[in-house]
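Student: Can you read through this structure? Questions will come right after.
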């Protein structure tokens, strides 16, 4: 619920955020920063869960996620910060921190379904997991719009803009989840041992970071045929080839390559990629178009995204 809601509740608030923090040119980075760290770290946290147990990783994931949410809500409150910069750059950095927690939360929550239930029951609980994800994704834009437009006011003697509650709203729900996991979830002895594939993890980082940077900056900061973008794509491609070579020779690979021999695994991931691309594109830019071009308020853009 926390991870799914975070992807959508922010969508209707982001146009207001970038307007207040004067960062329209960095609009996409509010989402990209989160996706960058979460994408890179999902397989790494999956491996850590295998070694140390998923409950511990899940607790750390929720804690980091909530800490990142709290920091995001404070973005720009204290002016420019040393090294980090203005409020928009603060938000981007804190979203990256939040993505670290999101990666641990997402991979551990799914992995624990396999730990807690036998194979015959996993489909039912994965279906329930998907239903919760879908529900959170549907109501997220509407809640984000309502908070942005109507939650502004003076609280505890201090004015708080409505969009900040988009981040603070995660805190009570997250604290309840933290309590339930810590006190109600059984500590299963699922540790498998093994080593962390640090080289594979580093190469995976080099694969994704230049590639995502190039896609974000292409046609904006740099031309698509510029030396900078070509170099980024080339670096990403070389890192991918090295990653495949290293993983094929590593016993404790961060991403076992034999997974790609499974037709189910390949088709499922390709389907998720296509659906995710369409979903995130609509979630990110539809509210921006409606609010900036059509003049609809955040609440209206949220209701417009309901099916």
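Glycine is no exception: its Cβ is also placed from the backbone N, Cα and C atoms.
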Student: Quick one: which of 229-246, 247-264 does TrEMBL have down as transmembrane segment?
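Tutor: The listed stretch tagged transmembrane segment in TrEMBL is 229-246.
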Student: Under 8 Å, at least 3 Cβ pairs, sequence separation 6 or more: does that hold for the transmembrane segment (26-45) versus the transmembrane segment (96-118)?
Tutor: yes
Student: Same-chain Cβ contacts of the transmembrane segment (229-246) under 8 Å, 6 or more residues past its ends?
Tutor: 197, 199-200, 203-204, 206-208, 210-211, 213-214, 217-218, 222-223, 257
